[in-house]
Amino acid sequence: MPELPEVETVMRGLAAKLEGRRLARVVLARPDLRWPIPEGFVQFLSGARVEGFRRRGKYMFMRLDRALSVLIHLGMSGRMTIDSAPLPHQHLTLETDDGAVIGFVDPRRFGALDLVATAAEDSHRLIAGLGPEPLDDAFSPATLASALEGKKTPIKAALLDQSVVAGLGNIYVSEALFRAGILPHRLAGTIGRGRAGRLVPAIKATLTDAIAAGGSSLRDYVQPSGELGYFQHAWKVYDRAGQPCERCPGPAACAGISRTVQSGRATYFCARTQK
């Protein structure tokens, strides 16, 4: 599933193409994705001007001049295309007044499209329970330590809980925990202010670096332009089981990156440097 950096990258690509443009033609190929698409969806979008975009966690809002926003969720395999020939499983096509063509392609149909009043975006059922944005100033060591206090789950599982912090997924949690030197299996309630003081900057730096690289291309994800993301080339632990840890002096000190499974998801870490 695309995580925060991939969604941010997609949103920026769409904003560059769509902001200020009118939607001259809207084609919806099916009435539902993961959930039913609202009746009148095409009519509400047709002729509307795109005023801007906003990301919340792994969700995007395309804001229209009708006090309405289109919620877009890429799900597991969804992607947006710009000026591409129609693709299989392209469920939504937007054509602008200057001739740009935007497509929403989702082979597995775990994505979502919905309409919400712009003023009520944060009240949408998919948004209301989300935790803070990790790149906002309000996400601090103090707020994270408070959210984790008393939790008996491993820190990795806690960070994947979207009510604790929004937008993180398996890749970036693994990478941030490595940067912070924190073992993924450590109980979340033992993090405290001290370790949170390392973890919060590590999360922010990991996400910032990933956005700058256009995200991580893994299976289905590409940028709207069709380009791959490049952050997968900078992974320190994710999908690197058995490979050397860059922080360790060599095989005599470290067996390399370890892999375990937590809650059905692969976890990667260095047992020597993460505690």
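Just so you know, glycine gets a Cβ as well, placed from its N, Cα and C.
Remember, predicted model here, so these are calculated numbers, not experimental data.
Listed in Swiss-Prot for this protein:
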- P2: active site, schiff-base intermediate with DNA (ACT_SITE)
- E3: active site, proton donor (ACT_SITE)
- K58: active site, proton donor (ACT_SITE)
- H89, R108, K151: DNA binding site (BINDING)
- 236-275: zinc finger (ZN_FING)
- R265: active site, proton donor (ACT_SITE)
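Mapped onto this structure are the features recorded in Swiss-Prot.
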residue : record                    : Cβ contacts under 8 Å, 6 or more apart
E3      : active site, proton donor : K58, G167, L168, G169, N170, I171, Y172, G215, S216
H89     : DNA binding site          : V105, D106, P107, R109
R108    : DNA binding site          : G75, M76, S77
K151    : DNA binding site          : A158, L187, A188, G189
R265    : active site, proton donor : L160, N170
K58 (active site, proton donor): tally of other CB atoms within 10 A of its CB: 22
K151 (DNA binding site) in three-state DSSP notation: coil
The zinc finger (236-275) - residue tally per DSSP class, helix then strand then coil: 0 helix, 10 strand, 30 coil
Recorded DNA site residues H89, R108, K151, farthest C-alpha pair in Å: 41
